[in-house]
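Take a look at the structure below.
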């Protein structure tokens, strides 16, 4: 039932053990987002070994399955404007969890011989639709709480913007560490479909937990009146017309889209050419997730005062250096120097996989500062949508680049050239990093 926004909640009683379950809800939600790597690692092996697809097909399927992520602005507008039983965040998290659980359960119980690429693609699309809806609601909660005025430290249930962003980043990284570690070990023992079933049951557990929580207990800012979809779209349009917001989002999307992703080719190179098994790949991803966890701690303690523009551009430069290092790796330079392939894959490949996301932490904090009140869900969803679309474009460009240099599942002679082109493309966005506003500008806009 759709209704108007609820009145402010009564103050919690002294006997309530959890008057504000914000950390519990957000921690679980972002942990699930990180834990999604468990079934997606299994999908890679399922496509390669079960359906015997080539690198280009694998990457096309992976990127096409992310298309529901592009619709995040629509989900954000709806969650901002449409209240379900007086709530506009918790119900959408529940809907997202339900869709994910059903889709992965379907893949798990279907006979392996009876699963076609079309059926699998539909299930993956449904799963990512649910994930994107839940992510929009979770991101909106973070943005709403972060924009509330600062309160005295004695209020134990208040959070600063940077503190809450770091907390959910840590939760997501922790889920990623466990998912990758478990996936790398279990894929050969139990098979992909057992991992699909495990994740389905995990998300079902999240669903049962989330439906027991009332949104009023989160102490989110309350709207004085109902905001319709047309009004919400209008507010989003006004926000996107602000030069500092439009230019920042354009830079972020372009900085990802311009880089041809070669993840599918690298996966085949590591497993087919180097014969690296799944447990090592799992450790690689665990190392990457641990690096993300460490990054959130370092950022929160030491780098919050560093200008966002400077920090984001520096991360972009580090990405280019790591990609140049991949060229040397594929050419066998490190091998000739006595560096084992396994060591390089675990450390450097693991870091490169997550470096793309390092710049999202300072960028999201910058966007939350710039975000006008009332359209937090819409704007943050638009940022997530632009990011998702940029990665999809990046994936398609990677498929085209692999085809151009002649890389196949058994011929990797053109792979170094593709990696070199990728590194050059990564450097280019640094030259227009001036599009990102200074932190002083964002603070002034917030005050206005």
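Going from the start of the chain as shown, residues are counted 1 onward.
Glycine too: its Cβ is placed from the backbone N, Cα and C atoms.
No curator has checked TrEMBL annotations; they are predicted automatically.
Among the features that TrEMBL reports, compositional bias 'Pro residues' is placed at 1-13.
Feature annotation from TrEMBL assigns region 'Disordered' to 1-20.
The annotation transmembrane segment is assigned in TrEMBL to 25-47 (among others). Note on the transmembrane segment (25-47): residues 53, 57-58, 61-62, 90, 93, 97, 104, 107, 124, 131, 134-135, 137-138, 141-142, 164, 167-169, 171-180, 182-184, 187, 192-193, 195-196, 198-199, 202-203, 206, 209-210, 213, 218, 267, 278, 281-282, 285, 289 of its chain, located 6 or more positions outside it, place their CB under 8 angstroms from a CB of the stretch.
The transmembrane segment annotation in TrEMBL covers 104-126 (among others).
According to TrEMBL, the feature transmembrane segment maps to 167-190 (among others). Note on the transmembrane segment (167-190): residues 23, 26-38, 41-42, 45, 138, 142, 159, 277-286, 288-290, 292-293, 295-297, 361 of its chain, located 6 or more positions outside it, place their CB under 8 angstroms from a CB of the stretch.
What TrEMBL records for 196-213 (among others) is transmembrane segment. Beyond its flanks by at least six residues, the transmembrane segment (196-213) meets 21, 25, 28-29, 32, 35-36, 38-39, 42, 90, 93-94, 97-98, 100-102, 104-105, 107-109 of its own chain at Cβ-Cβ distances under 8 Å.
The transmembrane segment annotation in TrEMBL covers 281-299 (among others).
Same-chain neighbours of the transmembrane segment (311-330): 255, 266, 269, 303, 341, 344, 348-349, 351-352, 355-356, 358-359, 362-363, 412, 415-416, 419-420, 422-424, 426-427, 429-430, 433, 436, counting only residues six or more beyond its ends whose CB sits under 8 Å from a CB of the stretch. Annotation source TrEMBL lists transmembrane segment at 311-330 (among others).
Look at TrEMBL and you will find 342-367 (among others) tagged as transmembrane segment. Proximity of distant same-chain residues to the transmembrane segment (342-367), defined by a Cβ-Cβ separation under 8 Å and at least 6 residues beyond the stretch ends, is recorded for 161-162, 165-166, 169, 245, 248-249, 252, 255-256, 263, 266, 270, 274, 276, 280-281, 283-289, 291-292, 295-296, 299, 303, 308, 311-312, 315-316, 318-319, 322-323, 325-326, 329, 334, 379-380, 383, 387, 436-437, 439, 442.
Per TrEMBL, the feature transmembrane segment maps to 379-399 (among others).
Annotation comment: TrEMBL describes 419-436 (among others) as transmembrane segment.
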Cβ-Cβ under 8 Å with the transmembrane segment (281-299): same-chain residues at least 6 beyond its ends: 34, 37, 41, 166, 169-170, 172-174, 176-177, 180-185, 187, 270-271, 345-347, 349-351, 353-354, 357-358, 361-362
